[in-house]
Amino acid sequence: MATSSSLRSAAYRLMTRSSTTDVREIPSSPPIPPPSTTTTNGKPPPPSRQNTRKTTLPFGWSSTAAPSPARASDVTANSSHSGSSENIKDHSRPSVDELLATRTLEKEGLEKKLADAEESLRRMESGLKEATQAKVLSETGKKEADDAKDLVEAALTKMEKESEEAKQALIESEGKLKKLDEERIEREQAEREKDEEIMRMREEGKRKDENIEKIQAEKESLESEVRTLRDVLREIERQFEDERARREKEEEGRRDDKESYEEELGKLREEILNVQRQMEEERTSRAKAEDNLKQKENEMVLARKPYNSSVCIVM
């Protein structure tokens, strides 16, 4: 604001000094040669319009102002070449219109300079305001930058801490992963062993199935032998019955001969005893066969029990 006031006061002083300057201080245009006092026909020239035109002068100015000393000397020096000093004075001094035009141009120039100065002042004030705002903003930005720097440092510290924690967690996770790998290897080893055990049990089950098939075949063979022995026993009993019937018929025919009958009876008893011994032997062999068959059946039952348990384990 002080700069604006000083510029305004300087412009006002310049305008005031220009408006109060004496006419004698204003440089005049080059001297105009005096007009000829005579014309071609020998008559004097008409009066000049410049001297006869009415003009409005500023306050304090006079139309009969005295010429400056320099102008007076010019008039004196040129008086020998012209008719009178009055005519030379009128032609060497600028007119009021020219002075007014000059003053108007100077005023317009000063007004333009003043306007330019005010515009420059406004720009300077705007620049100062912007600079002040920029300074405030820079201070605020500096504070914000300091705050951001603190935040960044805190974030970096936090990130470093989190990085250390992440590294520690990674180490722990690697340890856990290694432990899990070891457990997985142990579990796979146990599964392989279990699979091998299952395969072994299956092989053993196959062998037991083969043994059961063999025992079943032996059982069928024994049952066939038992059936054969039973058929033989029935055939022996039938023969015994036939022999007894025949003997009875023979006894009826030989009742008279007691000795022969007793001999025949003794022979018959021996034969019966032999047949009974054979039957007893057949019974004994059949009982042994049945015992063997029961033993085989028990072995089959015992052979099936582990196989069923192994099958359950496989399932």
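Yeah, the Cβs are placed from backbone N, Cα and C, and that goes for glycine too.
What TrEMBL says about a protein is an automatic prediction, not a curated fact.
Sequence annotations record features per position, and here TrEMBL assigns region 'Disordered' to 1-96 (among others).
The compositional bias 'Low complexity' annotation in TrEMBL covers 62-73.
The annotation compositional bias 'Polar residues' is assigned in TrEMBL to 75-86.
Residues or ranges marked as compositional bias 'Basic and acidic residues' in TrEMBL: 87-96 (among others).
Under the heading region 'Disordered', TrEMBL lists 116-147 (among others).
What TrEMBL lists as compositional bias 'Basic and acidic residues' is 116-128 (among others).
Under the heading region 'Disordered', TrEMBL lists 182-221 (among others).
Under the heading region 'Disordered', TrEMBL lists 240-267 (among others).
Across the range of the compositional bias 'Basic and acidic residues' (116-128), the DSSP-based residue counts are 13 helix, 0 strand, 0 coil. According to DSSP, the region 'Disordered' (182-221) comprises 40 helix, 0 strand, 0 coil.
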